[in-house]
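For reference, TrEMBL has these:
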type     : residues : note
DOMAIN   : 5-104    : domain 'Cadherin'
DOMAIN   : 105-213  : domain 'Cadherin'
DOMAIN   : 214-323  : domain 'Cadherin'
DOMAIN   : 324-428  : domain 'Cadherin'
DOMAIN   : 429-538  : domain 'Cadherin'
DOMAIN   : 545-655  : domain 'Cadherin'
TRANSMEM : 662-684  : transmembrane segment
Amino acid sequence: QLHYSVPEDREPGFSVGDLAKDLGVEVRSLAARNLRLVSEGGQRHFQVDLAAGVLLLDSRLDREALCGQSPTCSLHLQLVMENPLQLHRVEVDVLDVNDNAPQFPKPEVVLEITEVANPGTRLPLEVAEDADMGSNSISTYELSPSKHFALSINVRGDGVKMPEIVLEKALDREKVPVHHLTLTALDGGNPVKSGTAKVTIHVLDANDNPPVCDPPISKVHLEENVPVGTLVTKLNVTDLDEGPNGDVEYSFKTSNNAPGKFTKLFSLDARTGEIRTKAPLDYEESSAYEIAVRARDKGSPAMEGHCHLRVELIDINDNSPEIVLTSVSSPVQEDATPGTVIALIGVKDSDSGDNGQVRLQIAKELPFKLVSSFKEHFSLVTNGPLDREKASGYNITVRAVDSGSPQRATQKTFYLRIADVNDNAPNFSSPFDTAHIQENSLPGTSVFSVSASDPDEGNNAKLSYTILDNGMQDIPISTYFRIDQDNGTIYTVRALDYEQDKVFQVPVEVKDAGSPALSSTAVVHVFVLDENDNAPSIVYPSVPKGSAFHQAIPALAEPGYLVTKIVAVDADSGHNAWLSYQLQETAEALPFQVERRSGEIRLAQALRESEDSHRLVVEVRDNGTPSLSASVVIVISPEENSVQDFSKSLDLPQSSPKDTNLTLYLIISLVSISLVSCAMFALVA
């Protein structure tokens, strides 16, 4: 808080204080920090010279117009600077200058005094008014020289000096019926200023006892906002005379500086002297009232006394606190450090004492706290970490409660938005996924769509997908698959061959558009499904295409004789590799049959002696859809000297079970491969 003072008579442009020096900042930084002036009173009396960094008068000040009769006169300003946001309070005291001379309510005062008045009789005079304060206000009074009268000065409860004319020597109306005096009021300024009033005193006859107020100066305490008509006091006035000379009437005494100010708030019963309220009283408007009452009898000539009553109001808690949001920084980054200033808050209460003591509160569960900057000004700062993903904003309710009884409170709510920072990496719904695709699918076929989410917003949540080449395949994975970077759909780049690659591991990376960018990865296992695209291949007997295999058997072979065995393989797998053997139908019945699963050709019935060779066409067919096949032609010739030994006809050792049970081994291999595939699928799932 900065404090300056300036005399009230200075011209506009007068330098009040060096802001840059007192704030400890460089002059050239003031414009960049957008230094601006805010007047708390709503009136603009000052301006800031940003080039020089000084506070200047914007208009000529009149202390009396600004603060009236207040003993102190201060103007309060607020300086707001940004980057960082700061609030400074400036208090400027307006110093009084002796620019007003004392002035009496009336230029001429007429008084009356009975000739029988005793020495010591006092004649109250009107108090002079001086708009200046302190030493420049009324200092003393002087009375022109007189043989009969002297001047006495009393001090009222509020410090006001009250002049009275005191009779020092008995009067003789027959000698001097009228006395002319001059009353001078002097202030304490330098140079001294003065004002005068002519005092004319008429010496009267008869009624020689004036009304007397007991006590002449009294004080009453009264709560503000009492009901209209409340009795304030009843004046105690006595007059020793009898009859009309002792019958007193009451009336208010007013001055021309404030005519009727208290008469609008109080009523006086002219007969009883009761003073009552006739309008609501407000402590915040005025904490005390000075009431002057004239008590005048009905004698001839009439005599009067004077009563002075000071009514001091007792403040009650009738004003709620007021909250002023000077500045709010919204939005605030979610990574703001604890202690970051969010808002500058001012509070004021028109009540006084405990009724005007205000404390601010916010909800304890909020990640903010209030820090007192200086009197009646607070800063709202962060008190913990912020997370936009948990709370994108806060409705902050500031509650102001005074210390009165009963307490009065007010609250103000404002919304604070939390700005996003890229503090969350994208996250796949699953780190591992499984996809299946038929082999020989056309390039561009959709394989699988990966999905990721990012709790951030804006560019921090804008995702793009890429496929990583991790070196797990012999050929870069990008030659097999591509991915749509926007939606994460994986497509084939070329046709896949199950017989070459049965499974692919496709690593996918998702990256957001934040700065710096964050990413995560997932692996998609792509299993290639077999298609029946390979025909069976006959391994034995191996004959050139278009030729026949010749096999001799004994002419006397018995039914069941093993002629030969067809051995075939299929590059496909599963049902597509299950082979069956059959003889093509001929016009005549053949004495041979072939085992459907093993491919063994056996003699079905004994040969006749006259039979020549037989031509058999053996077809091997797989179990795929559509089914593929291969065939071989076998010519079987019966011979007399042929030995019934199948091992010789096969050109393989008969003792080897590997050849005789080849079909069984193939079936076992196929079953094993199927079981391993099922186990892999279960493991991936």
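Cβ atoms here come from the backbone N, Cα and C positions, even for glycine.
What you are looking at is a predicted structure, and each value in this text was computed from that prediction instead of being measured.
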Hey, which of 214-323, 324-428, 429-538 has the most Cβ-Cβ pairs under 8 Å against the domain 'Cadherin' (5-104)?
324-428
Using a Cβ cut-off of under 8 Å, list the residues of the same chain at least 6 residues beyond the transmembrane segment (662-684) that approach it.
432, 434, 503, 525, 527, 565, 567, 569, 573-574, 577-579, 597-599
Count up the helix, strand and coil residues in the domain 'Cadherin' (324-428) according to DSSP, in that order.
4 helix, 55 strand, 46 coil
